[in-house]
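For reference, TrEMBL has these:
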DOMAIN    1-68  domain 'Cation-transporting P-type ATPase N-terminal'
TRANSMEM  48-66  transmembrane segment
TRANSMEM  72-93  transmembrane segment
TRANSMEM  221-239  transmembrane segment
TRANSMEM  251-274  transmembrane segment
TRANSMEM  615-637  transmembrane segment
TRANSMEM  682-705  transmembrane segment
TRANSMEM  749-771  transmembrane segment
TRANSMEM  777-796  transmembrane segment
């Protein structure tokens, strides 16, 4: 143990603000890893140290060393604006995520200057005195000062699924990464950040989260491009050497080809798409804690959800209080209020509803308690006069009861068991949550409540949301199946399911899942849309079975009992006011617990995914066509078809409209079904549409060079303009499955595309590109480029229809 004096605090006053600031400056924030902020310099540095830019900077340096200041300056004039553009976009994306993370910052009640106040978890320091209750994560390694019925889930550290009792001499420390599943405590922080036990484990393992399908797809795409680049560079370099061209010029031309084929803006476009998606989702009341969760949302095809707060209003109230035969009983409500008042766990929604229904509180004091757990499903309070009050799920309470109280008289429960069951089923059929209340004399050990006297029942109502049915229909229209998973009674769950239009003819209860083989459970989850009376571990089993069957599965939960299922889901969704542990493991946070909000998030996720794929497919096909044209032409022309500086300028200008793809509109039918990343067909797409581009390039070469007997400057100038125009056309037509004129692009994309086309024609005419070796074009050449561009548009449209769906 560590003394108060060493940490500069005492349990009465905690630290002073001055002490806390000093410790924070010494130990740093209570974070594991570099998550404190945005290092703008490292982002800027990264732009100019990427392999493609590093090669070009080296080439500029070689030009300068050889005395060719003109070409060195041109290279730098392209490299520097390109790097600054990517820096600006990536910095903006990082800033967006940083703001969203700050918005989701978690606080803990901390004693500072003798007063309790919320402090952000990352600002906790050694010596801080904090208060924790059930559902709270342990924010640092702490030493217990006082505790009450403390149960801690240490599964993240130990793998042990059952909560551990804490508070004894040998269990006085709690560790970061665990959370309270019951009870409350006052504790002092003894280690923060990487110095915690959890931080040490994380540092030793240094494990990344598993790759998502999107990340795998991007990595495979990078390997595909790398192979294509390597093959082309080697062939072109050796071919040019065989033609007795200068070594350095041949090498620089080959490297420029590699840069031309490399989708340099891909990381930036992905960041822009995802950060823009995060901003749009935030406006729709959906906060993203991890950017790749946006792509996960777009691929979602099964959503598992509880009913409370999503399908129902989530505003529980006590509707009635009855003795075991159904007669109104004030005693039952009073006993339930006493139990709820002195429960050692944090108040849940049922306890709050019970307490709100009481005009007065009892004067009796509770002296001992057995907290509620999701396995026992009941809690017991022993009052100062020796009477114990048990409250919980009807089946569990009745199973521990031997007697019943009817109008003050205690009788054997077996005498009225049929009437009790009839009353219970009748309340369930009306959609009420039913809570049983029982009493006994004397205290009990946990799990040994026995010979209880059944006092009666509470009926608790939770109205169905008016928009629940339409929200479910909206999700179904997006190809998302909704599975209702609840710990409530099956009859209550069926009542709600019928009210919102969810199929309840195939339903199952938790007891039916016990002992089921993985294959049997996999078959069941494909047929069943309603699971009731399930435990937290059964929720996990259902989610894992859905994932094992190939479903992209989301889980919406907000309680401690949902944390494990959230952890294993593909998309973990919680709400802003959920338990801290539920929020901590969730990648998506809803500011409003509504299925409609999730529908909006799914649509935006699909839009973000589709626009990312648009950029990849359009850019790689256009770049491949241009690079293949240059590679072939360089082997048969008496001069290089395009100078390295011209290739880089073309690459830079053609990327300008591509940036706007991140905000492009998406066709409704493209976003109507779940989307997940697939490399299938990408190579074919690149080859097919790239070859169309190459065909028109070679036709231009032949006419200008062979028919019109043009020189090197005329050929390069004509091809530079034609390449810019056809790449702009490719963006316009390949962005949609429809005919181009039947799909409306975003205004920004349309504007940038038109600007690039105009610049392609006007810049050479102005003479501003003479320094790049691009001269004004003749009227005949301009007419030829326009004719070929129209032909390219028509052929691409025809090919698009023939190849079918592209996105």
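Quick reminder: no glycine exception, Cβ is built from N, Cα and C everywhere.
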For the transmembrane segment (221-239), sequence-distant contacts whose Cβ falls under 8 Å of one of its Cβ atoms, 6 or more beyond its ends: 250-251, 253-255, 257-258, 261-263, 616, 620, 624, 627-628, 630-631, 634-635, 679, 682-683
Same-chain residues near the transmembrane segment (749-771), Cβ under 8 Å, at least 6 residues beyond its ends: 70, 74, 649, 653-654, 656-657, 659-661, 663-664, 717, 720-721, 724-725, 728, 731-732, 735, 777, 782
Cβ contacts under 8 Å made by the transmembrane segment (615-637) with residues that lie 6+ beyond its boundaries: 221, 225, 228, 232, 235-236, 239-240, 243, 253, 257, 260-263, 265-266, 269, 273, 647, 650-651, 654-655, 658, 661-662, 682, 685-694, 697-698, 701, 705, 715, 719, 723, 726-727, 730-731, 734-735, 806-807
Local confidence of the domain 'Cation-transporting P-type ATPase N-terminal' (1-68) - pLDDT mean: 69
